[in-house]
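Feature list (source: TrEMBL):
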DOMAIN    1-116  domain 'G-protein coupled receptors family 1 profile'
TRANSMEM  6-27  transmembrane segment
TRANSMEM  39-59  transmembrane segment
TRANSMEM  95-119  transmembrane segment
TRANSMEM  139-161  transmembrane segment
TRANSMEM  191-219  transmembrane segment
COILED    225-287  coiled coil
TRANSMEM  297-323  transmembrane segment
TRANSMEM  365-395  transmembrane segment
TRANSMEM  407-430  transmembrane segment
TRANSMEM  480-504  transmembrane segment
Amino acid sequence: MLVLASLGSWLPFAIVGFLIIFFSITFTLRYQQKRNRDYLVTVVCSVSLIIALFTASLLPTDVILVSFMKNPNGTFKEWTQNQTTRDEIQNYVEIGYYTLYALVIAMAFLVNPFLFFYYEEREEQGEKLSKRICSALKWTAGFLIFLILLIILGIFVPQLATLPSDNSTSEWDNVKYLIYHFDSSRVEDSISFSIFTLSIIGFLLLTIYTGYGSIACPLSMIRGKRSARLQQQTIEEQCADIEDQIKTIKTKYPRYAKMPPQEKRRLETLEQKQEALTRNAQSIKVVRRSLFFKCRFLYRPLQIVLGILLLLFALLIFISLLLSNINKCIHFINFKQIYAQGNKTLPNPIDIIITWTGKFYPVSYIVLSLLLAYIIATSLYGLQQLGIWFLWIRMYRFSRGRTKPQAILMLSSLMMFIVVAINAFVYLLIPQYSIYGDQHYSAVVNNGTQTVEICTQFVSTDDCQMTVMGRIILRFFYKVWFFGAVYFLLSWLFLIVFLIGCIAKIVRGRESNIQEFTTDRLFDDDNDDEDNPLIQ
């Protein structure tokens with residue numbers, strides 16, 4: 001029975017694992033430069049995405065394992081009657097988490113930085129291979145020193161925390177039992193400290209890119225793209241206008257006449273604009289001739305329906321996170337305890353829905369997996385739309401088939417950070433289900449009769465088995481409460497970015513059918529060997 005139950009929990013994870021491997025490889029190949037493709041970058045980026053996505057996909061398996069341990073009447077199943085058996089099962093999950101976290105740290109601090117700076121140095125003309133490697137190693141050494149500092153801090157900082165005393169407040173009596181696994185090794189604390197430091201960076205990225213992408217993506221699907229015919233007509237009119245201006249300047253200043261510097265600069269600017277518009281005209285013609293464009297009347301209604309469904313899902317996420325945060329504010333004691341405050345007053349729609357679907361295996365697993373997939377997909381959409389900026393300077397943009405090695409390495413690293421932060425985000429979004437799944441327990445009411453209640457953070461019973469991720473988050477957030485407070489504050493920033501993205505997407509015009517060239521992009525793409533137009 002134990003084998004069958006474990007198989008039922010791990011089989012969906014194996015299926016999702018194959019999908020993750022396929023998606024990671026396909027995504028990397030799709031965005032990389034088609035010509036002069038470096039397969040080392042392909043391998044490293046694919047492995048980075050696979051590790052990050054595996055880390056996120058372990059959460060649904062973790063939840064479904066604890067849900068499988070109990071019957072609907074609140075009693076433990078025969079094969080989980082023994083606490084030792086339950087702990088042994090969860091030990092495998094915990095080993096999986098820490099192994100994947102260690103791999104994430106290695107990729108984020110060592111492998112990806114080395115390759116990134118190696119390709120940065122390769123762009124310098126005349127640099128030898130040995131010099132590029134030495135320069136990349138120097139930069140990587142800085143990341144290694146930072147990692148060592150995190151490990152040292154992770155060994156000592158969490159040990160400074162102590163459990164609440166027996167005469168602690170009644171509020172703490174409701175939640176302090178959650179830390180029954182408070183004791184942990186210094187190795188676990190060190191890994192947790194490093195990974196949660198990374199996840200703070202990831203959570204900040206998540207608030208920006210996922211906050212924007214989660215609302216912008218469905219709105220884009222509903223609104224659709226601009227009319228390709230009108231767009232082509234506009235481009236041709238602009239080309240004709242610029243051509244007339246160029247002809248006027250050349251007529252005014254024949255070859256034998258000296259052209260003033262101001263007019264020369266104006267002529268160069270107009271010629272650059274003409275070149276960019278010519279490329280845009282070629283791209284829009286390719287779009288209009290494509291089979292996909294000709295079939296737009298068939299898929300457009302489905303796109304609108306899917307966009308509406310995703311919009312409702314995005315609003316559900318927004319409302320659930322808002323209500324969860326309001327709950328924490330209503331019952332706020334201090335930032336040291338805010339991480340353990342779940343749904344106590346206001347209902348949480350997503351939490352209620354996923355907990356209810358737990359009655360129908362594997363619907364709850366699918367719903368939670370779809371939630372994670374939506375967060376990841378909208379994060380990629382946000383990264384593609386916004387690009388990577390340093391202050392007001394755009395560092396990289398991501399175009400299908402044209403992304404440089406440094407940009408694709410940066411993209412995979414950012415996705416690792418975001419995916420690592422997803423577990424903490426999901427806890428803030430659905431605190432009850434991410435800790436206990438759909439478990440119930442048997443409670444005795446005042447008249448002595450027994451009732452079956454759902455497991456929450458606010459019940460003082462040991463008949464509820466906590467998920468491994470819930471235990472890791474709650475334990476670490478108590479030891480280093482600063483992280484929990486930062487996550488809570490960033491979750492409000494996510495809501496703000498969501499609203500700003502919604503307003504911006506509604507006010508702005510519909511998207512172009514192509515990734516339009518500008519005079520600035522013209523210089524960036526002149527170094528590429530691609531002949532194909534940038535088609536969205």
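Keep in mind that glycine also has a Cβ here, set from the backbone N, Cα and C atoms.
Automatic prediction, not curation, is the source of TrEMBL annotations.
Break the domain 'G-protein coupled receptors family 1 profile' (1-116) down by DSSP state and the numbers are 97 helix, 3 strand, 16 coil.
Cβ atoms under 8 Å from those of the transmembrane segment (95-119) belong to residues 38, 40-41, 44, 47-48, 51-52, 54-55, 58, 132-133, 135-137, 139-140, 143-144, 146-147, 188, 191-192, 194-195, 198, 404-406, 409-410, 412-413, 416-417, 420, 468-469, 472 of the same chain, restricted to positions at least 6 beyond its ends.
Most Cβ pairs within less than 8 Å of the transmembrane segment (480-504), among stretches 191-219, 297-323, 407-430, belong to 191-219.
Below 8 A, the CB atoms of the transmembrane segment (297-323) and the transmembrane segment (39-59) form no more than two pairs separated by six or more positions in the chain, fewer than 3 in all. Within the model, the domain 'G-protein coupled receptors family 1 profile' (1-116) carries an average pLDDT of 79.
Long-range contacts of the transmembrane segment (191-219) within the same chain, counting only residues at least 6 positions beyond its ends with a Cβ under 8 Å from a Cβ of the stretch, are 98, 101-102, 104-105, 108, 147, 150-151, 153-154, 157-158, 184, 307-311, 313-314, 317-318, 374-375, 377-383, 385-386, 414, 416-425, 472, 476, 480, 483, 486-487, 490-491, 493-498, 500-502, 504-506.
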